[in-house]
Amino acid sequence: MKSPCHLLIASSCIADLLHDIGQYPFIYQYFTSTLMPQSSCLYVQVIPMIGDGFGTLLILNLGIDRLIAIMLPLRYRFLQTVPYTYFMCHMLLPLAHTTYLLVWAFSERTDA
């Protein structure tokens, strides 16, 4: 599990798992026909939002990783000598995107 590609795949799986957790509150709300204030709904959906924000961009980064491996094989082999640094560089974009989504969601919520 030292390869950056394997780390990206594992991270994508974890992000998808977090995103899928959001189905359970939805199923409960759907079958009980209860209403929830928007602010409470946001708190319930924070973990799935994190999974969604990370998951979509991790798939993009996985594609970029594979593109680098094909287009620049010598440079990619060098990048594999520092796999965790390379992996953390790939995590910067999903982290920034997810942080933006959460800040935007919390700033736009209403308590009604």
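Yeah, the Cβs are placed from backbone N, Cα and C, and that goes for glycine too.
The structure displayed is predicted, hence computed values, not measured ones.
Annotated domain 'G-protein coupled receptors family 1 profile' per TrEMBL: 1-112, in sequence order. Across the domain 'G-protein coupled receptors family 1 profile' (1-112), DSSP assigns 93 helix, 0 strand, 19 coil.
Residues or ranges marked as transmembrane segment by TrEMBL: 42-64 (among others).
Sequence-remote contacts of a segment are chain residues at least 6 beyond its ends whose Cβ falls under 8 Å from one of its Cβ atoms, and for the transmembrane segment (84-106) they are 4, 7-8, 11, 15, 42, 46, 49-50, 53-54, 57-58, 60-61, 64-65. What TrEMBL records for 84-106 (among others) is transmembrane segment.
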